[in-house]
Amino acid sequence: MYSPQRKDFVSLTLGDQHSRSYTNGKHRRQSCWRKWKQLSRLQRSLILFLLAFLFICGILSYPSLTEQWRGLSDRSLKEDWVEIDNRGLRPIPPGLVPKLPPGVVPEVQDVPPEVMPEIQRPSIPLLPKPPAMRKPPSKRGPPALQKRGNVSDWQVKDGEEAMMKRDEDAGKEAKTVISWRGAMIEAEQGTELQSTAHGKEGTVADSEEAPDLKPVTAKAVDRVEEVREAFRHAWKGYKAFAWGHDELKPLSKTHGEWFGLGLTLIDALDTMWILGLKDEFAEARKWVETELSFSKNVDVNLFESTIRILGGLLSTYHLTGDTLFLDKAKDIGFRLMPAFKTPSKIPYSDVNIGKGTAHPPRWTTDSTVAEVTSIQLEFRELSRLTQDPQYQSAVEEVTRQVHRLEGKRDGLVPMFINTNSGKFTRRGAFTLGARADSYYEYLLKQWLQGGKKETELLEDYLQAIEGVKKNLLRQTSPGKLTFVGELSNGRLNPKMDHLVCFLPGTLALGAHNGLPADHMDLAVQLVETCHQMYAQMETGLSPEIAHFNLQSNNGRDIDVKPADRHNLLRPETVESLFYMYRFTKDSKYRDWGWDILQSFNKYTRVPSGGYTSIGNVRDPLNPAPRDKMESFFLGETLKYLFLLFSDDNELISLDKYVFNTEAHPLPIWPSASMRAEA
């Protein structure tokens, strides 16, 4: 309030022509009632008439509003029943089953009889339920991981709203949605799909006439065809942006070069043949015939060139009988031989295939044990085909030296070997991960390749598996997950590379060929751990390295450090799933592989063609694509997935072939030609 004071003037406020009030400035605020009273009778009458008119209109429109609300509630409830029926499952890739036109209900008699038992579901009565009660989409992983790592609550909410909007727009034209860091997720198709526990998908018929809800029909997912489609999509990107080059960069729509020898194309040759992609194979064969030349002044890695190029060419020759691939295999095999010209006969890591010279890496004279002991399958097979013993002699000399070397621990080998002295270096570190992994794999597979006659290989393999059990095998405290750790100077480090997930399949292969039954028991435990490395991540994809909890006061089994959260589209887990299914016929291994394929499609697929490795498997909203598709995604990952889903056990029979460490099948030798030297 202002202090009272004497005024020498009169304040007069003029209103409109209908106003009868004035103010002398004493009251700054007026009540609503006073303002209402200040209105003229005509103004008040008009306002009351308008309110009454709106109220009457609302009463008249009430039946139509309730009808719309009831229809919306019914639609939401149907969607909720589908979500309840499929809780915990990830959506399958779009585009598999066409969306039915509005009002059309699929009839049960349209479904083949053999599919009928799996697809019928009981009719469920519809109860009123407001749309606000819809459940959010299910989240992958255990409750402890359902906060989606470092994703904030508002990001999760936005993601759920986006998923709901996508469902509502399911019948519209396909559209492209901008996603992480410039990459785009696939265009959404006009389909309504739900995944079942066995990887099947179905459509829910929107019937306007409740309660006569007809049984829901579904169509079995052709998982084999889905792998073919994934390969075609990856090949589309490679052909468009990286044809004839080593690797595709799908986001930048360009290529990367390692050796300049078309690694992706050669790595994928036998995959295309196995998948039955004849047109794609024919155009790749033409490139090999007209463009592939090894007369280049370029350094290549002995190990990588052997398993990818030599192995890929030999495998394709055996599958097709086309001598073009054998001739190319002879050429590259001969050009790699200078690597063995060392004082110790332990090969150098790098070879210049144009100059015919070899050398170790610039920073060391060591080679890794895995590199020098994982080229034997390919060179032995080259000698058998060419009847030239030099290739087999060179690699078997390496095997003999490693067999008798000191420095092992219960059959486990260190990671490095010196090319001058021929002895292990940097002793005390033992792992089944990078730099040592395929040494153990090739012990068993050479024994199988040669007809189970080379007992030294078998003895080394069995001793190594016992060494793993004694020194590296542990279980997590909360969930009792079995894992293979690393030993460093007598101290166990509870970490496991994704690369180690080759081991369950190798153990199962040995047990199938008469080795101890407890090898299969261990394989079952380890493949469960490898599956959990995928299932417990928010994207459903495994990190490159996982750390395991041995403390009972920590509720998590698996932890991932920030530097290890990337996924390179690696094949080792699906490789082991393939072996496990072939030998046990347990359908859960197929289901796990299907989950992995769906996650690849959801988080790594690039619309313009190709798949990309990602940098963060813990962040589904921003998985940080790395713009690189490794050649082994086509050479190994998709091949093993195809074989996992195929019902033809004679398609690459494991009694007739062994796979090299790049998934190229090579034949088990007939007894009449066991050794090229014989």
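Don't overthink the numbers, they just go from 1 along the chain as shown.
Just so you know, glycine gets a Cβ as well, placed from its N, Cα and C.
Quick look at what TrEMBL lists:
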- Glu304: active site, proton donor (ACT_SITE)
- Asp437: active site (ACT_SITE)
- Glu544: active site, proton donor (ACT_SITE)
- Glu572: active site (ACT_SITE)
- Thr661: Ca(2+) binding site (BINDING)
- 125-134: compositional bias 'Pro residues' (COMPBIAS)
- Cys501-Cys530: disulfide bond (DISULFID)
- 121-152: region 'Disordered' (REGION)
- 189-211: region 'Disordered' (REGION)
- 45-65: transmembrane segment (TRANSMEM)
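All features noted in TrEMBL, drawn onto the structure.
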residue: Glu304; record: active site, proton donor; CB count, 10 Å: 16
residue: Asp437; record: active site; CB count, 10 Å: 24
residue: Cys501; record: disulfide bond; CB count, 10 Å: 30
residue: Cys530; record: disulfide bond; CB count, 10 Å: 28
residue: Glu544; record: active site, proton donor; CB count, 10 Å: 19
residue: Glu572; record: active site; CB count, 10 Å: 24
residue: Thr661; record: Ca(2+) binding site; CB count, 10 Å: 25
Residue pair Asp437 (active site), Cys501 (disulfide bond) - Cα distance, angstrom, rounded:
10
One should report the C-alpha separation between Glu544 (active site, proton donor) and Cys501 (disulfide bond), rounded to whole angstrom, as 11
Which recorded positions are spatial neighbours of Cys530 (disulfide bond) here, meaning Cα within 10 Å, out of Glu304, Glu572, Thr661?
Glu572
Round to a whole number and give the Cα-to-Cα distance in Å for the pair Glu304 (active site, proton donor) and Cys501 (disulfide bond).
19
